[in-house]
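Record features, source Swiss-Prot:
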- Cys63, Cys65, Cys78, Cys81: Zn(2+) 1 binding site (BINDING)
- Asp753, Asp755, Asp757: Mg(2+) binding site (BINDING)
- Cys1107, Cys1295, Cys1302, Cys1305: Zn(2+) 2 binding site (BINDING)
Amino acid sequence: MPMSSFKRKIKAIQIKIASPEVIRSWSGGEVKKPETINYRTFKPERDGLFCERIFGPVKDYECACGKYKGKKYEGTVCERCGVRVESREARRKRMGHIELAAPAVHIWYLESIPSVLGTLLNMSTSDLENIIYYGSRRVIERVFIVTDPKDTPFSQGDVIYETEYRIYRKKWDFDVEQAFVVKNPKSPVLSDIDGEVTLKTEKSITGREITWIIVKNITRATHTVLPGMILVVKDGQEVEKGQDLTKEMTIDPVYAPFDGHVEIDELSNTITLKPLTTSKDQPVVFTVPYGAKILVSNGQKVKKGDQITTSTSLPSVKSSISGTVRFGSNLNIRALEDGNFEVLSTGEVYVEQVIEERKYPVFEGALVYVNNGDQVKKGDHLADRFLFEEEYLSATEYKIFESHYPTMFDVEERTENDRPIVVITDIDPEVSKETGLKVGDIVTENEYEAYLQIYPEKIVADAGAQAIKKLLQNLDLEALQAEIEAELKKLPSSSSKAIKLRRRLKMVKDFLKSGNKPEWMVLEVVPVIPPDLRPMIQIEGGRFATTDLNELYRRLINRNNRLKKLLELGAPEIILRNEKRMLQEAVDALIHNGSDSEGKRSRRAVLKDRNGRPLKSLTDLLKGKKGRFRRNLLGKRVDYSGRAVIVVGPNLKIHQCGIPKKMAMELFKPFVLAKLLGEGSSSKTMRKVKKAIIEKEMPEAWEVLEEVIKGSVVLLNRAPTLHRMSIQAFEPKLVEGNAIQLHPVVCPPFNADFDGDQMAVHVPLSAAAQAEARFLMLSRYNIISPAHGKPISLPTQDIIIGSYYLTTVGKEFDSLKEEDVKWKFSSPEEAMLAYHLGFIKLHTPILIKVVINGEEKRIKTTLGRVIFNGILPEDLRDYNRIFDKKQINALVYETFKRHGIDRAADLLDDIKDIGFHYATVSGLTLSLKDLKIPPERDEILRKTWEKVRIIEENYEKGFLTEEQRKSEIIRLWMSVTEEITKLTSKTLAEDPFNPIYMMVNSGARGNIDQVKQLAGIRGLMIKAYDPRSREIKSKIFKGQAIHEALTFDYPVDKNLREGVDILQFFISTYGARKGQVDTAMNTSFAGYLTRRLVDVAQSVTVSEPDCGTHEGIRAMDLIKEGTVVEKMNEFLFGRVLARDVLDPETKEVLKNPETGKEYTRNTMLTDDDANFLASYKKMVDVVRYEEIDITELSLPNMYAEIAEPVGEYEEGTELTWDVVKAAKNEGKYRIKVKVYPVVGTVYAEEEPLYDKKGERQLLVYQEVINEIVAKMLEENGIEKVPVRPDIIVRSPLTCESEYGVCAACYGMDLSNHKIVNVGEAVGIVAAQSIGEPGTQLTMRTFHVGGVMGASDIVSGLTTVEKTFEPYAFLREEKSGGKKEIRKYYGSEAILCEVDGFVKDIATDESGRTVIYIEDYAGNIHAYKVPKRAKVRVEKGQKVLRGETLTSGAIVWWKLLELESEKGVMTAMNLLKIIKNAYVQQGVSIHDKHFEIIFKQMLSMATIVDPGDSDYLPDQLVPLVDIKRFNREILEGNAKVEENRKWVIGKTLAKRIIAETEEGELVELAQKGDEVTEELLKKIIEAGIKEIDVFEKDKVVTYQILPKEPIKYKRRLLSLKKAALNYPGWLSAAAFEETAWVLTAAAIEGKVDPLIGLKENVIVGQLIPAGTGLDVFAGIQVEETPRAAVEEELA
């Protein structure tokens, strides 16, 4: 027999970082190709993204090639195609993987805030990004040129950048000059003058060539010199005019030196003497001097000593001008030993006088256009350029060119370049010491090359993900932990460096604890998710539509394969780098495609499709409303469901609904089939026959359906499902047609009406589900709202009007005397007979005998009232009352309280039947005549317009400002509108049967405000406005009523019955539209509010019957700014007492005289109890003198002091057992005492109690009287005071259950008025109760149509938002570690920090108002009032700690600091504000729901001093965890001595590293060492507080030094923050900031214990609430076939 059980299978879920091995182990094979499906065969490509070999077969139990088909081959791997034969479901589960050609960083760990990689490696995110994406660093630096390389590998002229130069300079000796970079040299080089060109070449200091082009403009004097002359000047020598160029000389004759022949050369003017052939002499040549004669002839033979020439004298040649000597090109000369020159033949010597000269240096590589000696004209081109753009010049070269071309080029002393950067991954320790570099330092590529040249093979640097991977692999986490801990000891705990270090330490510990390896954050392998989770679908036209993921995977595979190919080819590094960067970007895009969530643009390119739409990555699939969490895991679709339009079902019982036959057949098809099959055989043909019976709609099918439906229930749901009453169970009744029929009374909980609303039907399938639906969800048992404990399933509209019509009476009824009544009846039956026979009508006054409370009485009433009372329980009948909406609601509630839920449900059905019947009988219609306009209206309007005219005149004369004018007019019209409203109401009431009056008065539809607009006056209209406008802001600042700024001062003085004119119509449209827009804008906002509330509270369930606490909150009226927001009886209803309630006078437990109920601890308070306790007051003595007998065993049960000295105790000492002991020692048996009965009671008068002079308040309403106050009363001669008991009730706020709340602190389950059951999901109920009206708040504007005076919704919602997000409206600025509020709306409210009195309110020298408070001890406390704030107190007023002294917003953390541990005062202040917002809108919600939300908002604390925990200062930690940690520390500290003995002889499970006094890290012990006493002593001296040892193969941690507990401060969180800080990672991830939550959880290896509801829904098991509790897990529900049951019954 089938069983259904409630067992939950998953205990907890852990998340970790996947290692490459784990990813490969998940995979069914490597995806090598980017192809998906073959376009011809439509089969998946082998090794592609849809490969069957990797992911499983496309067809069930069939391999790709078709060799193996059918289930019998399951598990076989086809040898042809390699596909395993299995179910195609495998394609939803089996994963693949991609082996990356180069590592890629997981983007989540880089872009998280704070960056995980950055924190762990101690690097900034920008540096990390630069490394990973092969970025560069912009460097502005000087450049140097090598002038003398000496013994280095440099060459002369090498260019070195400053960064490299600094590195080289430390190790090598070489000379450099600073270089200048040439910019914008002007070209070509032009001659500035006419002249002659001279070219000259020379080498510069850097070994480069400079060509000098010299152009001279000259005057030239020619001087001829003759052979034999001696030149006394050199070429290029400067001479003056008249200076000798040659010597003046006499030349002797020439004689033959030996015998020989003469040869004369006339051309060269020389004589050669050749010796005789016999002689050994050599030939001699003589130049014939100018003017000498030759005495021999050519060929003549001469003897030694013969004269050959005559003597001659040569004059000197003088320079005709001053200038430079230039030898002519034809000049033939011979240098003499004395440095002069002998002229050998006639030639020219020039003297040049330079008029102008220009020099043009040209750098090597430039093209020179001229040659030596060329004549050039001014403007002629000499060279194409003198310098090249971007040329580097040494300082010397720069000077040369600067002097010759002063304005023709610019230079830069520093260059600006983007240098690729690398990170050091390995370095020799000596090199590290020498250079100061360490692993993880970032250097530019140039610097790295410089280091590499100096220290070859001793330093390694790299870029890209592989560099990050190496860094992470190099991390020694244990040593790093010891190093950080040692450094932290030296720093003040609040310093920013310490906080940064603690964050890093936490991460290190997380990695150590979770067993994750840091290098796993860099991917070697990328997992490929199953293909059915990223499907391709064929669309018309033969094309395929595919998921974005496939495109992202495709790009990744393409880039990966390209990189593999390039690596095989040995491509250059620059190409590889680019390809690796693109691969990294492809991996990024797959994981998280898009800019960072915080709005900061990432450096990554966003991958887009053809249409420019960013592709959806894995992160996008998880996060947001459409993500995996919220759409698929938390928002599953439900099978066995249908949906249809709803219509009213007037004949249904409250627990029934009408389901269309067709729909029922479809929903219950399996059950019908089972029943049909159960009777016959189950062969295939039979099955087909049965199916046909259903599909052909044969009568047998309907009969079986009727049977199947009998006794089962279905669930009806109407969207939006705002609270649990939006899903209720009903018994289905088959109906014709296509619409679901709904009982009219259950419309309010569903918020349904019949204007086209649709509802969904769900069938609970199992017996367990059916039982749960029937007993817990049946609409019959859900007529009481869990939000406020009053009925919610209530009659509306027609039913109300029917009941009202039935019980209403004519005008003359009350004045009619009994003796004048015409008709008298002995019983209701008799009266009915008379009615049916037409003698009387429903409203005819009659006298009739009826039974009231068991007695027969004769009363005056009407038949209608008799009929109506006939359906009521006997004790609730009232024959002289009109039953309108309020009365009926009260009636249903009272019936429920007295007779239970079933009777109340039956009553609702009866009221429905009677209401519909008599609404029909009433013949209710609407006509224009029913709208009675008050006759006085016109006169009132005439007078008002006259008053307006006077105001306008005063304004024009300048007596009023614009604001005053507007304000006066608005006030005037508001009072007139009010007056006309009253008149309209009065006019209508003249006829009790006026249909409009009946509708409004009965509460069936509409209100007097709408009637006023129809028949009275429309009044003032609201403007559309911008809340950010200056006008509004200034009003808020000044604390003025905003509504004046938002109101037209021109009224619509007509009503809708008469119609309005054009202008008034236009004004009306403004307000109407504003209403529509506000509603649209705020509905989504309210939905978001509900969602945050649910997220915060979803884990709060009732976890135990009683946590045992004696703490609680004080019962009181909630008063906000003088307005009572909630009366004490409402506050007390549904609560459990935390302490006994004592009678103020007798101090004994209080007893209710009517019921005899005693109000002891743990008593639950009903409505009646709450009313009794709230109204219980007594006048009690302030003080009494008594003499007590101290031999008795008890002290007085009130506060008492001794009235005479006893031993060392003075008079006025509190009476305690010590005092009694002292009295007994003195031999006394009786002592005089002063008893103060008022101490511990609560002052119960609303008017404060003043002192004798009437200047100072001694007691204020609801103040708890203590002994100090009692003595003040005594001093002021006050004898008796009206007081009530001090009532402390339990509350979720003070509950001490570790998880959730206990039943006693929660109190009554408002939906059934019994103590709440363990397992009830009270958190969700609270969130729904608060959120559901939020949407109501927004939707109410509809019906008022923007009329001024209708309280604006926005205000209500904004208040709610402000309360739940208390910091969203504050601008917090940190200064010196403390948060300061700089600006709030207006100003910050000042809180009183003591109990005391307002001594004075004065102004200081600067003109600021100061409030002086005197406390009970007489100390004065001064409070300066902010400029914009209003003072809320007056002189002599009593103020209590935590009260506000000025207007403005409460700064919650300041209030929290003022109060005790529990945060109750803060919660009560929040409660007042938020209750006020809801009460104004007429919404009732029980306080306990708010308290649960506040409990969650107060569930965290900020760490002040982390002590020996892993937390960081200012970190938010759940209070539960802190308390647990501190408790464990206290227990651990007590065991230290015992542990020290226990660990001796054990084996260490981890090595132990400590810091020496010199600051060095040393290893004290290795893993596996035995713990000796000596080693333990060393460990203790090193300050190590706990060690890990092996115990039976398990690692156990022992504490060996006392630890410090955590010091903390309670925090009030906003809803969003409370939800995000939820301890379970699954729920937090599903809320918001999914990626960050998962990242943090994975690093920690966080375990989600699945405590809350959301987590369990996500993992797909029963929630740990209600029937899902472990208590019920063992229950098995047997599914008994109905036939068997029927047999048994028969």
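Placement of Cβ uses the backbone N, Cα and C atoms for every residue, glycine included.
All features noted in Swiss-Prot, drawn onto the structure.
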residue: Cys63; record: Zn(2+) 1 binding site; DSSP class: coil
residue: Cys78; record: Zn(2+) 1 binding site; DSSP class: coil
residue: Asp755; record: Mg(2+) binding site; DSSP class: coil
residue: Cys1107; record: Zn(2+) 2 binding site; DSSP class: coil
residue: Cys1295; record: Zn(2+) 2 binding site; DSSP class: coil
residue: Cys1302; record: Zn(2+) 2 binding site; DSSP class: strand
Residue from Cys63, Cys65, Cys78, Cys1107, Cys1305 whose C-alpha is spatially nearest that of Asp755 (Mg(2+) binding site), among the binding-site residues
Cys1305
Most Cβ neighbours inside 10 Å, all chains, among the binding-site residues Cys63, Cys65, Cys78, Cys81, Cys1305:
Cys1305
Where the distance is taken from Cα to Cα, which of the binding-site residues Cys63, Cys65, Cys78, Cys81 turns out closest to Cys1302 (Zn(2+) 2 binding site)?
Cys63
Can you figure out which of Asp753, Asp757, Cys1107, Cys1295, Cys1305 (the binding-site residues) comes closest in space to Cys78 (Zn(2+) 1 binding site), comparing Cα atoms?
Asp757
If you count, for each of the binding-site residues Cys1107, Cys1295, Cys1302, the other Cβ atoms lying within 10 Å of its Cβ, which residue has the minimum?
Cys1107
Least buried of the binding-site residues Asp753, Asp755, Asp757, going by other Cβ atoms within 10 Å?
Asp755
Cys65 (Zn(2+) 1 binding site) to Cys1305 (Zn(2+) 2 binding site) - Cα separation in whole Å:
68
Within 8 Å of the centroid of the Cβ atoms of Cys63, Cys65, Cys78, Cys81, which other residues of that chain place their own Cβ, given that this set defines the recorded Zn(2+) 1 site?
Glu52, Ala64, Gly66, Lys67, Tyr68, Glu79, Arg80, Gly82, Val83
Taking the recorded Zn(2+) 2 site as Cys1107, Cys1295, Cys1302, Cys1305, identify the other residues of that chain whose CB atom sits within 8 Å of the mean position of the site's CB atoms, giving them in sequence order.
Glu1104, Asp1106, Gly1108, Thr1109, Arg1290, Pro1292, Thr1294, Glu1296, Ser1297, Val1301, Ala1303, Ala1304, Tyr1306
Taking 8 Å from the centroid of the Cβ atoms of Asp753, Asp755, Asp757 as the cut-off, which other residues in that chain fall inside it around the Mg(2+) site?
Ile646, Ala752, Phe754, Gly756
Find the shortest Cα-Cα separation between Asp757 (Mg(2+) binding site) and the binding-site residues Cys63, Cys81, Cys1107, Cys1295, Cys1305, and name the residue that gives it.
Cys1305
When distances run from the Cα of Cys1295 (Zn(2+) 2 binding site) to each of the binding-site residues Cys63, Cys81, Asp753, the nearest one:
Asp753
Write down the Cα-Cα distance for Asp753 (Mg(2+) binding site) and Cys81 (Zn(2+) 1 binding site), rounded and given in Å.
61
Distance check, please: Cα of Cys63 (Zn(2+) 1 binding site) against Cα of Asp753 (Mg(2+) binding site), rounded to an integer number of angstrom.
56
Do me a favour and check the Cα-Cα span between Cys1305 (Zn(2+) 2 binding site) and Asp753 (Mg(2+) binding site); whole Å is fine.
38
